[in-house]
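Asks: Let me give you the structure first, and then I'll get to my questions.
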Amino acid sequence: MSPKLPQHGTVGVRTPLVDGVEKVTGKAKYTADIAAPDALVGRILRSPHAHARILAIDTSAAEALEGVIAVCTGAETPVPFGVLPIAENEYPLARDKVRYRGDPVAAVAAIDEVTAEKALALIKVDYEVLPAYMTPKAAMKAGAIALHDDKPNNILREVHAEFGDVAAAFAEADLIREKTYTFAEVNHVHMELNATLAEYDPVRDMLTLNTTTQVPYYVHLKVAACLQMDSARIRVIKPFLGGGFGARTEGLHFEIIAGLLARKAKGTVRLLQTREETFIAHRGRPWTEVKMKIGLKKDGKIAALALEATQAGGAYAGYGIITILYTGALMHGLYHIPAIKHDAWRVYTNTPPCGAMRGHGTVDTRAAFEALLTEMGEELGIDSLKIRQINMLPQIPYVTMYAQRVMSYGVPECLEKVKAASGWEERKGKLPKGRGLGIALSHFVSGTSTPKHWTGEPHATVNLKLDFDGGITLLTGAADIGQGSNTMASQVAAEVLGVRLSRIRVISADSALTPKDNGSYSSRVTFMVGNASISAAEELKGVLVKAAAKKLDAREEDIEVIDEMFMVSGSQDPGLSFQEVVKAAMVDSGTITVKGTYTCPTEFQGDKKIRGSAIGATMGFCYAAQVVEASVDEITGKVTAHKVWVAVDVGKALNPLAVEGQTQGGVWMGMGQALSEETVYDNGRMVHGNILDYRVPTIVESPDIEVIIVESMDPNGPFGAKEASEGMLAGFLPAIHEAVYEAVGVRATDFPLSPDRITELLDAKEAAA
C-alpha cells in the first residue's frame, strides 16, 4: 500500500498554526483566564509528611469560618482512580494514609483567597508518622512498610522477558561489556500552571470542567467514577493549553477535587495550583538505574543485549506498569538485535507519583544503550557513526521479536544527512582540546495502537459539518496542546477536499460537541486523527462530487476539484464554484454532516502470544539521528552544547514549520535532562518547586539546532506522515555524552552531566594520571 500523495498544495507547506494569532496577541483564553465572576476559590490542604497514617481529621473550625462554602475530605472520595484500569490506587483526597509530602488531605471552597487559606489553617489532622522510603533500594529492603497493602515488597511490577537465545548469543560475541548508568528524576515544567474551573448546576445536576488536560476523555472518566456521577451529567472542555509533555495525560487529583468542591458548594469553583503544587502533581520521568550489557562481534554487529532497569515510581501506580515495560519495548525496532533480555522493576517510593514524559519510558535505556555502544565501538576501532550503520534493520517491512511492524525506516538517510551537515568525517577527533562531537540514534512510537480505556471502537473519529455558508467545521476530541494538531487536521482535510485552509474551522476537545478521542499522548494524533480527518474529508468530498456531477450532467469519476472549482475532466466548461456545489448538495439533505474514522489493523496491535507486546505496539516509528558539538570548561566542569544537527524521519512533513519546531523542542528537552535538570528531595520535600531552582535550560543555554527533515513516506500514515515530536529526545543524552568524552576524556555514568559531576570525574582522572 502506498500513501496518498498531496495534490492541492496544502500538505507539505510551511503553515503557521491556525491558533497562532490568538496566542501571540494575548487573546487566547487559558483555563485561568476564563471569566467566572461568581467563582469560589478552591484550595487544597496537603500532607506535611512523606508517609503517615491519618488518625483523625477535624474540619469543624474551617466549616464554621464565615465565607467558607464547602469543605471536603477523603471520606467523600471512596472511589480510587488511576490512568490504567488495572492499577487504580490513588484517591483524590487521601483516605487512611498519606504516601508523599504534598498528598492532598482536604480541600475548601471559600469566597476569596484569604478566607480559603484561613480555612486550611483551621483543619486539624492527626498523623502517625511512618518510615519513608525515597529510593527503590530502601523501599524493597526486608521489613519495609508497604505503601500499598497489595504490594508487600513495594514493587508495582516486575518484568522478565527474553527474545532469542540470549546466552548463546553472548557466547558467540567477541566483545562483551556491562555498565550501570543512573538518570535523575525530571519534570515536564510546562509553562501553564495546573488549573480547573468547575461549574456545577444543581438544578440540572450538570458539572462542567474547563481544565488543563491532554486527554479530556480520561478526565471525564475519572471525575464520573470518583464523584459517582452519571458521565452524561459531566462536560469536559480543554481551553488553550500551555504545554503538557505527558504530565497531563492522566486525570489528576486537582481536577477531581475541583468537581467535588463545586458540587458540594452548588456553584462554581476555580482551583488554581501554584508552581510548587504543579511540580508536586508531577508525573515526571522517574529516577532510573540501568544496567546495560551488550555483546558485539568483531565487525561491530550486535550479537546480544541484556538490560536491567529499576525505577523509583513514586507513591501511586499511575502509568508505572506501562513505563517499566517501555524500558525494554523500544530496544526493538531501531537496530537489528538477534537476542534481547529485559528485566525491570517499578518500585513504589514516598515521593510524588511519576508518569508519562516525552519519550515515555524509553529515554534512559536508550541513552544507556547508545552510550555503551559508542564506547564499545571505540574499543573495536570502529567509528561511532559507522557502528550504527553496521547495525541497521536488514529489510523493510521488518517485524521485531516484540511483534512491532516497521513499515518505513529512514535511519540510513538520517545518518548520512547529519554526517554531511556536521562535517563528521572532516572534524571528528580533530577539534581543539576541550571540544568534541558525539552522535546517537533514537526513535519513538507514532501512537500506541492499544488505547488504555478501549472497548473496541475506532482509534480516532472526526466529524465534518458543512452548512449553507460554505464553511466547514471540523470536530475532533483530540487535544491541541501547542503541538499543532488542529492545524494538522485542517491541512489534511483541506488537501483532500481541494479547498483553502481558511475555509475550515476547528472545534476540539469539548465532550459536549466533539466525538470522543483518546487524547494527545504517545504522539498518536497525527497518525490516527490525521487518518480519520482524511476519511471524513473523503466522505464529504463524495457528497459534493455527487452533487456536482448531477449539476454538470457528468459521471462522478470525471469530476475534478481544483482551487475550489468542480470541473469535468477534459471539458472546457468553467465548472462550478464551491459555493454553487454546496447549494446543490444541500437541496436534498440540508446541513451536511459526515464522519470519518481510523482503526489500527490488528496486526499492529501486538501479539497475544508475546506478553506485554501491547506496549510499544504502534503503526510506525519516528527515527532520528543527531550530532552534538559541545565544549567542557575544565575549571568549572560546565558542559556547553554549541550546535546540534538532527535529522528526523517523520514519514512526510505535513507542515515542515511545525515539524521543525517540535523537533527543536524535543532536542531542547533532551538537553535539559542531559545537562541540568534533576528532582531532589529532602526528607520527602521537593526542594526545587520553582523554575529558579529547577534548572531548565533557557534561551541563553540553547544551542543552534539545525533540523533536517527526512521523508520515508510511511504506507499507512496520513499522506505518509508519522510522529515528529518525541523520537529525537533520547538521542541528545548519549550524543553529548560522547562529545564530552572527546573533549576532556571522561565518561560519566550518572545524568545529568552537571558541573559537580564533571569536575569529580576530571579530578579523578587527574588523580589517576
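Even glycines carry a Cβ here, placed using N, Cα and C.
Per Swiss-Prot, Mo-molybdopterin cytosine dinucleotide binding site is recorded for GLN214, 244-245, 522-526, 650-655, 722-725.
On this model, are these features tucked inside or out on the surface, and what's nearby?
Replies: According to DSSP, LEU654 (Mo-molybdopterin cytosine dinucleotide binding site) sits in a coil region rather than a helix or strand. Sequence-distant neighbours of LEU654 (Mo-molybdopterin cytosine dinucleotide binding site) (same chain, 6+ apart, CB under 8 A from its CB) are VAL11, GLY12, MET488, GLN491, VAL492, THR526, GLY530, PRO718, PHE719, ALA721.
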Asks: Which one, from the binding-site residues VAL525, GLU723, has the smallest tally of other C-beta atoms lying within 10 Å of its C-beta?
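Replies: So among VAL525, GLU723, the binding-site residues given, the one with the fewest Cβ atoms within 10 Å is GLU723.
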Asks: Show which residues of the chain containing GLY651 (Mo-molybdopterin cytosine dinucleotide binding site), separated from it by at least 6 in sequence, have their CB under 8 Å from its CB.
Replies: PRO3, SER408, SER446, GLY620, CYS622, GLU711, SER712, MET713, ASP714, GLY717, GLY720, ALA721, LYS722
Asks: What does DSSP say about SER522 (Mo-molybdopterin cytosine dinucleotide binding site): helix, strand or coil?
Replies: coil
Asks: Looking at Cβ-Cβ distances, which residues of the chain lie under 8 angstroms from SER522 (Mo-molybdopterin cytosine dinucleotide binding site) while being 6 or more apart from it?
Replies: ALA356, HIS360, VAL445, GLY447, THR448, THR618, GLU726
Asks: So for GLN214 (Mo-molybdopterin cytosine dinucleotide binding site), how many other CB atoms are inside 10 Å of its CB?
Replies: 28
